[in-house]
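*Asks:* Features from TrEMBL:
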DOMAIN    C:6-169  domain 'Arginosuccinate synthase-like N-terminal'
BINDING   C:A10, C:Y11, C:S12, C:G13, C:G14, C:L15, C:D16, C:T17, C:S18, C:A37, C:G120  ATP binding site
BINDING   C:Y90, C:S95, C:N126, C:R130, C:S181, C:S190, C:E266, C:Y278  L-citrulline binding site
BINDING   C:T122, C:N126, C:D127  L-aspartate binding site
DOMAIN    C:180-398  domain 'Arginosuccinate synthase C-terminal'
There are 4 protein chains.
Amino acid sequence: MSAPKKVVLAYSGGLDTSIILKWLQTEYGCEVVTFTADLGQGEELDPARKKAELLGIKPENIYIEDIREEFVRDFVFPMFRANAVYEGLYLLGTSIARPLISKRLIEIAAETGADAVAHGATGKGNDQVRFELAAYALNPDIKVIAPWRLWDLTSRTKLLEFAEANQIPIAKDKRGEAPFSVDANLLHTSSEGKVLENPAEEAPDYVYQRTDDPVHGPDTPEMIEIAFEKGDPVAINGEAMSPATILTRLNEYGKRHGIGRLDFVENRFVGMKSRGIYETPGGTILLEAHRGIEQITLDSGAGHLKDSIMPRYAELIYNGFWFSPEREMLQALIDKSQEHVTGTVRVQLFKGAARTVARWSDHSLYSEAHVTFEEDAGAYDQTDAQGFIQLNALRLKLLAARKRRLET
Amino acid sequence: MSAPKKVVLAYSGGLDTSIILKWLQTEYGCEVVTFTADLGQGEELDPARKKAELLGIKPENIYIEDIREEFVRDFVFPMFRANAVYEGLYLLGTSIARPLISKRLIEIAAETGADAVAHGATGKGNDQVRFELAAYALNPDIKVIAPWRLWDLTSRTKLLEFAEANQIPIAKDKRGEAPFSVDANLLHTSSEGKVLENPAEEAPDYVYQRTDDPVHGPDTPEMIEIAFEKGDPVAINGEAMSPATILTRLNEYGKRHGIGRLDFVENRFVGMKSRGIYETPGGTILLEAHRGIEQITLDSGAGHLKDSIMPRYAELIYNGFWFSPEREMLQALIDKSQEHVTGTVRVQLFKGAARTVARWSDHSLYSEAHVTFEEDAGAYDQTDAQGFIQLNALRLKLLAARKRRLET
Amino acid sequence: MSAPKKVVLAYSGGLDTSIILKWLQTEYGCEVVTFTADLGQGEELDPARKKAELLGIKPENIYIEDIREEFVRDFVFPMFRANAVYEGLYLLGTSIARPLISKRLIEIAAETGADAVAHGATGKGNDQVRFELAAYALNPDIKVIAPWRLWDLTSRTKLLEFAEANQIPIAKDKRGEAPFSVDANLLHTSSEGKVLENPAEEAPDYVYQRTDDPVHGPDTPEMIEIAFEKGDPVAINGEAMSPATILTRLNEYGKRHGIGRLDFVENRFVGMKSRGIYETPGGTILLEAHRGIEQITLDSGAGHLKDSIMPRYAELIYNGFWFSPEREMLQALIDKSQEHVTGTVRVQLFKGAARTVARWSDHSLYSEAHVTFEEDAGAYDQTDAQGFIQLNALRLKLLAARKRRLET
Amino acid sequence: MSAPKKVVLAYSGGLDTSIILKWLQTEYGCEVVTFTADLGQGEELDPARKKAELLGIKPENIYIEDIREEFVRDFVFPMFRANAVYEGLYLLGTSIARPLISKRLIEIAAETGADAVAHGATGKGNDQVRFELAAYALNPDIKVIAPWRLWDLTSRTKLLEFAEANQIPIAKDKRGEAPFSVDANLLHTSSEGKVLENPAEEAPDYVYQRTDDPVHGPDTPEMIEIAFEKGDPVAINGEAMSPATILTRLNEYGKRHGIGRLDFVENRFVGMKSRGIYETPGGTILLEAHRGIEQITLDSGAGHLKDSIMPRYAELIYNGFWFSPEREMLQALIDKSQEHVTGTVRVQLFKGAARTVARWSDHSLYSEAHVTFEEDAGAYDQTDAQGFIQLNALRLKLLAARKRRLET
């Protein structure tokens, strides 16, 4: 790979990406464009602008954007239509944010004439894969620079030395080592590494930042009603809201009740296991509610097909294949299923749990006329079950007859 | 079907199956054998014997058996090895008990020379299918009699009239209509019908019988440690126990903390939707713990394959195909995966939720040496990720190049 | 079910459906509307009109239609986009025609104010299921009458007696029993029953009606070029044609070269096995060519996903679930994959076999620059394979290390 | 990776692996052990011994083995039990041989105290992946040396110069460039590269080496009968044979009739497409016959489950994951299904095609009593179909009713 001339860097404003910024300038003598996104991670973006300027980035090369609505509308919600869960439990909060960041990096590269993009993910994790697969899928000729796989700043000490040597301001609390590493966006906060590396040891309380301890949550359950249209939530307790606003509101509910904590050991795409603490307060409520509305609006053929392809869909997102033909094909299948997933769900929130307790819809397929224990006025003919069972049993009888025949 | 001569009846001792007993005698003039099983439903079995005798069943035709250990060891545990969940949420507590009952009915029919078996399931539900598919799979020539699909006792009034006309004792509390219908065994209690038939209305508190209200559960979390061997739980807090004992103990923990309540609308195999309240206290804890131990002992290839076939496996059990080649094939696959699922999980129980917080095992595949944020002494070469990503990206680049080529 | 007042009958004009026509009039005293479709079965339709008139059907109640284009465009081609094959070998020629016939029956019922439809399929086969599921999916209130499951004309003798008693003309060659039963349309001809019922005996030569014996086919291979657009064939040897014309033309090629014969034992949806002889001359060529064009235009992610869902898609069509949410969801997935399946395939036809020998496309993903054995000018960096293999191997190494650890 | 001290080389005796042998000695100064296997590739192995000796390999370091029986019994037959086909058409002839070679390399390394193995696969293909994943799965600490990814002998000229400089004898016909590259074993011969690199051009006739041109095959069909036990072929025309002998014999039949030619563009695991000519004469017959015997001995539940997991199983073998938990899990599932796949199939061989025309078995599930068009004496009750269809239709009716309700 020839040296890049102009690089768009995914820039948080923090110490690590500031070091990367400087390293890119130093290593390649290249122009750097910074991209700082508000994905709902809960940090001020203004300091990032100031810091970029301080590090010599030209004002026209500083991109700071609020992309929360796009994030929730075009990435989070489509994923939740699938009830996507990785390895049975993880709601993919980090995975789903990466392709959007890459998309903006590539778009900004096109606008600014940059020939490369750079990110701050390490060589051990999934995020490097997600950033880079998305980038290459959108621009096959882009150069991707992953300094953590390239440089020799392999210890905390060396990083700090580099920062000092290059006049990069170091916040006092960054002098020491953080006891664990954090990623956050509007959907979730994940924590991993350091004090969490031994999966036999419980995570310390201070790791949980996004949700209140369920022990201290309200002592009485709270009910909320979430309305859906075509698979996406559109209102809470009757109040219509934008996608990002809904997720924000659900996060507040979830935080208060301590909902969405997960202590998890997962299989990374790069082949190793890792342990993380995930907090997905609003997403956990949303998943529960979405399942609730699907229960009455999706028929079994549609539902079972969705269930059967879900693990593959989730794996694709986890592994970084958001921008791939197979993810798009599965999305077409999923979206097709959601045409009637419209209605309202009542969810009970209490001490760490969200539980559907009622649901209704004009699109409901539930037929009290059929299921009733009372006289059903001919809606359902019980003698039909006889033939249904006989024909389902036929092959089993033939198998049993063979067994008997061969044994005698 | 010619009239049966001798029928083995799945007999609970309750009013409904007593009426069936009498009806069989009356309708066919046939000899009846009763089979009453202790599956952990929490009812005394002695009254069933007395009632059968009262209805004229010969002592040698009265079978009363405690089959809890067989139930848990050969049905419940194999199913939990798969993390089987139907339609995302239901732990299959009723479904898994039916094939065992059918198996014993068929075995007793062979021992007593009976040519038929009978059950008390209605023509609208799944249980008739489960009973009968299992029966036919074990004896292709057996006659199965389902009185609810045959007789004209189609209302409560007619049933009570028949009972009175035939001197069947009616407990006082059975005079009135039960407000909902219940099925129970060691794994779960399900409630459905009547007051539960409108899924838009919350279930009344009195429906929950198997678990304490989480609101009234202990105010501090409780920790338990569950040890597994080859995928099955073998000890709690270091105390080794038999399968049924372990499940019983987990049920006690779960009950106290209000764990395992589910308000659910599901798709029945017979084509309609129904709403049920399920309580699976011990099973909910077990599922969480089993997932926890798999997290460190199963590699991603095994785990993802299991996840992808699980919905199908669960559907087979739900639909009544326990004794089918495809269920046995899937079981062979699942059991093969469990050879190293050995180790211990610590689970936190609190106000309705069970959550894994630690896990350890001699069979662990988790490698702190690889995953560490610290210097890894060469365990993992970060530059390998470069090639890994490049080759995973190659087809995406070719796709992107095509797109660009066709657009210009 | 109350008696029908007006019935739309799927009417071939043959003896069996003429008997059904009369039986409907006699049994229910109802008005009958006949629907006779040209699906490419190769029979004159005019005689059907005359026969219907003879049996007292009013001219405005006689529907005779050429639906070949709709059949191929909206049913056959969408199915071939999936490379659908049932149980490894069967191209679903009968299955795919049934939903279209039902669709027209229901539409005509709406036009004519009929409250029922009727078909001539027996109670043992799949076709009854396909007809009726499609009918109910399009009109939940329609009555479906399947005389073969209802009447007592259970032998050839009784049928002929009924025909004679009702002045139904009997062609001389219908007096005797046909040695096997035939279904045909533009996609295929199937034969089953009677002389074919023992799968251990070879089918007699005279069963094959749609294809010439490969032994007598041309002694030199013939090449044809089939052009595709978005997954559907649009031209042969450069000549653009309508869907039905293309399939007709491919049938001619296939017939001459004896292509598409299949001797098959399959699992019917109703639980038994049956043996059939299928001849699908044009379809066999089309499947081969479609696979050929996908080889260069579909990437592995899309192709493997398609392959993995294909058996389920084929099973749905075989079982009669064309008009179901899950078939439509899978179709959305498949159609999404075909956006670039555009290009041309050269197929060699010879003595029973069709074999792709060349393919090219502007949409090709094949990159000679990458795959070449020659110097590739940096298109591909072989050292990338090192990292790719190392990370794919990591979990296998961890498994091997565990095995070694536990054994020592 | 530190330099290897002793390397076991997969050695064919040809020019390329002789150069590798020398290069290993030169580059690392290490001891080399050669392993030459008879996998049925049809080459003399004695010259390999002489050549190894000539290149200075000690006699005790020369391993020459006939592993054809192990290859067919433990690798080919288990794979054929699955009807494994990659991307619809490829019978995996190369893929299935690689893990066995790696297994022997690792075993010999253990016997000889070698710390490394080496192979002659390039950095562009799948074989490097297959060799190395298998090696690491069997010995996590082994070093694997892939000279083609390491050295600078990147042109034919440089290779020949190295050979000459190192006194490696060069056969006259190796002076020029081969027009394509070949791999062969008892299952198949594959050809790729050079003259085959343009998939729009037909392969020249001289590429086909393993099968006679169908045009010149016998002008009359030939019938053979293949007997199976538990899914594996055990006899041809009544003559019992060992696994390798059966495959050899089938290859002879297939060669004569020109069976098993495939012109194919496939997706390599490393991300690019490649075009190959595969000849699998015996394997093509075997696949057809295995499907034939499964048709009568496997029930639909087992068969459809097998079909649905087959693409994944084939992909695992293609990608090199033979020694992985998920392949072993799938194998357990497949093997479970084969317990009754016992019986005999008659296959017609003619001009490039193998076609099942009859099959019989004591384990047959085919029931003429059920399927007959004649009076079936009560084996099957056609009225059962009514209920079967009604309950399968119920959800479709509910969907149709919703549609109607929402439209009005």
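Yeah, the Cβs are placed from backbone N, Cα and C, and that goes for glycine too.
Given the structure is predicted, the values throughout are model-derived calculations rather than measurements.
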*Asks:* Could you say which of the binding-site residues C:Y90, C:Y278 has its Cβ with the most other Cβ atoms inside 10 Å?
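*Replies:* In terms of Cβ crowding, the pick is C:Y278.
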*Asks:* Per residue, counting other C-beta atoms within 10 angstroms of the C-beta, which of the binding-site residues C:D16, C:D127, C:E266 reaches the highest number?
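*Replies:* Per the Cβ count, the most surrounded site is C:E266.
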*Asks:* Rank the binding-site residues C:S12, C:S18, C:S95, C:N126, C:S190 by the number of other Cβ atoms within 10 Å of each Cβ and report the first-ranked residue.
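*Replies:* Going through C:S12, C:S18, C:S95, C:N126, C:S190 one by one, the largest Cβ count within 10 Å is at C:S95.
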*Asks:* Return one of helix, strand or coil for C:S181 (L-citrulline binding site), based on DSSP.
*Replies:* strand
*Asks:* Including all protein chains displayed, how many Cβ atoms other than that of C:G120 (ATP binding site) lie within 10 Å of its Cβ?
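*Replies:* Neighbour count, Cβ to Cβ under the 10 Å cut-off: 21.
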*Asks:* Within 10 Å of C:G120 (ATP binding site) by C-alpha distance: pick out those among the binding-site residues C:D127, C:E266, C:Y278, and say none if nothing qualifies.
*Replies:* C:D127
*Asks:* Considering only the binding-site residues C:D16, C:Y90, C:E266, which residue has the minimal Cα-Cα separation from C:T122 (L-aspartate binding site)?
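*Replies:* Nearest in space to C:T122 (L-aspartate binding site), counting only the binding-site residues, is C:D16.
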*Asks:* Cβ within 8 Å of the L-aspartate site's Cβ centroid: which residues qualify beyond C:T122, C:N126, C:D127?
*Replies:* C:A121, C:K124, C:G125, C:Q128, C:V129, C:R130
*Asks:* Go through the binding-site residues C:S12, C:D16, C:S95, C:D127, C:R130 one by one and keep only those whose Cβ is less than 8 Å from a Cβ of chain D; report them in sequence order, or 'none'.
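*Replies:* So none of them sit by chain D.
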*Asks:* Determine the C-alpha span of the ATP site listed in the record, that is the greatest distance between any two of C:A10, C:Y11, C:S12, C:G13, C:G14, C:L15, C:D16, C:T17, C:S18, C:A37, C:G120, in Å to the nearest whole number.
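*Replies:* Overall maximum Cα spacing for these binding residues reaches 16 Å.
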*Asks:* For C:Y90 (L-citrulline binding site), what is the secondary structure state per DSSP, taken as helix, strand or coil?
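*Replies:* The residue in question, C:Y90 (L-citrulline binding site), is strand (DSSP, three-state).
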*Asks:* Long-range same-chain neighbours of C:A10 (ATP binding site), Cβ under 8 Å, sequence gap at least 6?
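*Replies:* C:A10 (ATP binding site) has long-range Cβ partners C:T17, C:F35, C:A37, C:I101, C:L105, C:V117, C:A118, C:H119, C:G120, C:F131.
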*Asks:* To see if you understand the setup: which same-chain residues, six or more apart in sequence, place their Cβ under 8 Å from that of C:G14 (ATP binding site)?
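*Replies:* Spatial neighbours, sequence-distant, of C:G14 (ATP binding site): C:K174.
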*Asks:* Have a look around C:R130 (L-citrulline binding site) and count the other CB atoms within 10 A of its CB, chains all included.
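*Replies:* Total other Cβ atoms inside 10 Å, all chains included: 28.
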*Asks:* Check the Cα-Cα distances from C:D16 (ATP binding site) to the binding-site residues C:N126, C:S181, C:S190, C:E266, C:Y278 and tell me which is shortest.
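*Replies:* Smallest Cα separation from C:D16 (ATP binding site) among C:N126, C:S181, C:S190, C:E266, C:Y278: C:S181.
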*Asks:* If you pair up every Cα among C:Y90, C:S95, C:N126, C:R130, C:S181, C:S190, C:E266, C:Y278, the residues annotated as binding L-citrulline, what's the maximum separation in angstrom, rounded to an integer?
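*Replies:* Among the residues the record ties to L-citrulline, max Cα distance equals 18 Å.
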*Asks:* Taking the Cα atoms as reference points, how far is C:R130 (L-citrulline binding site) from C:S18 (ATP binding site) in Å?
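*Replies:* With distance taken Cα to Cα, C:S18 (ATP binding site) is 21 Å from C:R130 (L-citrulline binding site).
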*Asks:* Counting distance between Cα atoms, which of the binding-site residues C:N126, C:S181, C:S190 is nearest C:S12 (ATP binding site)?
*Replies:* C:S181
*Asks:* How many Å lie between the Cα of C:Y278 (L-citrulline binding site) and the Cα of C:D127 (L-aspartate binding site)?
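*Replies:* For C:Y278 (L-citrulline binding site) versus C:D127 (L-aspartate binding site), the Cα atoms are 16 Å apart.
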*Asks:* Only counting partners 6 or more residues apart, tell me which same-chain residues put their Cβ under 8 Å from the Cβ of C:S181 (L-citrulline binding site).
*Replies:* C:S191, C:E192, C:G193, C:K194
*Asks:* Given the binding-site residues C:S95, C:D127, C:S190, C:E266, state which is nearest to C:S18 (ATP binding site) when distance is taken between Cα atoms.
*Replies:* C:D127
